[in-house]
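Below is one structure, written out as structure tokens, with a few remarks after it.
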Amino acid sequence: MADQRMDISSTISDFMSPGPTDLLSSSLGTSGVDCNRKRKGSSTDYQESMDTDKDDPHGRLEYTEHQGRIKNAREAHSQIEKRRRDKMNSFIDELASLVPTCNAMSRKLDKLTVLRMAVQHMKTLRGATNPYTEANYKPTFLSDDELKHLILRAADGFLFVVGCDRGKILFVSESVFKILNYSQNDLIGQSLFDYLHPKDIAKVKEQLSSSDTAPRERLIDAKTGLPVKTDITPGPSRLCSGARRSFFCRMKCNRPSVKVEDKDFPSTCSKKKADRKSFCTIHSTGYLKSWPPTKMGLDEDNEPDNEGCNLSCLVAIGRLHSHVVPQPVNGEIRVKSMEYVSRHAIDGKFVFVDQRATAILAYLPQELLGTSCYEYFHQDDIGHLAECHRQVLQTREKITTNCYKFKIKDGSFITLRSRWFSFMNPWTKEVEYIVSTNTVVLANVLEGGDPTFPQLTASPHSMDSMLPSGEGGPKRTHPTVPGIPGGTRAGAGKIGRMIAEEIMEIHRIRGSSPSSCGSSPLNITSTPPPDASSPGGKKILNGGTPDIPSSGLLSGQAQENPGYPYSDSSSILGENPHIGIDMIDNDQGSSSPSNDEAAMAVIMSLLEADAGLGGPVDFSDLPWPL
């Protein structure tokens, strides 16, 4: 029995102990379970957590609350961001409604464009520091029509608006009929240049230039990159000083035509003088302003370049201008004398005239420019003024002339007194121009002996005494030129050029630098060589030094000086008593292409000789006798 029990126990133990196969299968089973756990770790963890939640219901509740808080926080942040965006958009829309450039857009702009336009608008408002705008000039109790009539009545003129691009008359008041005798319908839509004097067109075009007005800015859309079209209606604009305009011009006057016989016009000069009366001098005062083309009722161009461009116009009041005639003042009331400033070339030609001269002489500045002052001097005062002309070219001091007569536009003479001084270029040491301050002298000042204006010590020399005739020869009577009033001499403008040539010759012979006309046409047309004879037939001796005559042009006696070619009787002004029409005819008769080429060749030889670049100069090719 005991042996049977031992066998049964050993058999059971063998059966219960794992064999090699069992160990392999057991190991494979264990590894398979591990792999399943690795592949299904998340599900296992979830199951474990579910088991844990089942085991702990309080933890499950906390997890649910945490997930709800996260979801609520996300929803609250989205709502906050949405409200912030809505508020910003509302502010952007409100800002766009306040900015005129944005409000005028036909489509909605992006935020960046709105902000850019707002910044530009703020800069514009900051720059508008001048409180005097157009709206401030008009009282509140006056309407626009009442104010217009009051201004026209006070100014005694007419209001007109002219486009700066083509000079088209956009508007003119009815009062233009009282001044120009044109109706309102006759002028509106016409070109202003058709009614201007031909010599004043360039001046008016210069005044219509709108380069100094406010520049127009082109806005670019940030999304499309294309220029933004603006249809902004400008508010009250500032009257900046650069936009103001004040000028004189001559306009046609529509006077009734009267049939005149041909005998009433003996010459063409008198016809031109009669035609000159059809123009009247208008003083225009106003400013430049810009309007949208749609507001003016004009046709807009559909071109892209013209988009957003405003129309620049000249708004001005035209008044009939009449020159001031000085009246004698009775009593002890002293007022400031009327004067004007002019600038002349060294030959006496006008290169600048102050606008005050129009009120005194009735000439427009553009009428005097390019003409010689000797054309307006009385023939009895030319001798004294020519001597002053020579002195001011030779000295740096101010020269005060005696009282002289100056011809004004209507043919009469006005008494003036001038102070002349020459301006010398500090670098080239050359006289560039002469500045003249001309003061009107009243009749009572001449009669009363005002110490400010010293009396003439002697009667002024006439032109004939300054320019004596040939030795023992009788004086010729000069023919009168139709259209030129008496008191002046035809060809007197030649005197200034001859004086300039004489002074240039003096400086050149002395070896000093010539005057500023060395580079001007005066030096080309004249300047005889140093060994050439003077107009009187005298020659400069070799080695001789010219002497400046002390008496100048006023002396009537001949002074022999072999070393100076232009002294008194042999002066360039004293040799020919008839320098008027005779010298002009001689100069015109000797002008030809061949003569001009020969003259230029001689001049180039002179320049090379002065610079030491050439040999002796041959004067045999000159077309005129020396």
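Keep in mind that glycine also has a Cβ here, set from the backbone N, Cα and C atoms.
Lifted from Swiss-Prot, the feature list:
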type     : residues : note
CROSSLNK : Lys259   : SUMO2 cross-link
DOMAIN   : 72-125   : domain 'bHLH'
DOMAIN   : 143-215  : domain 'PAS 1'
DOMAIN   : 326-396  : domain 'PAS 2'
REGION   : 1-60     : region 'Disordered'
REGION   : 458-493  : region 'Disordered'
REGION   : 508-588  : region 'Interaction with CIART'
REGION   : 511-595  : region 'Disordered'
SITE     : Leu125   : site 'Important for interaction with CLOCK'
Cβ neighbour count within 10 Å of Leu125 (site 'Important for interaction with CLOCK')
9
Which whole number is the mean pLDDT over the domain 'bHLH' (72-125)?
85
Using DSSP, tally how many residues of the domain 'PAS 2' (326-396) sit in helix, strand and coil.
26 helix, 13 strand, 32 coil
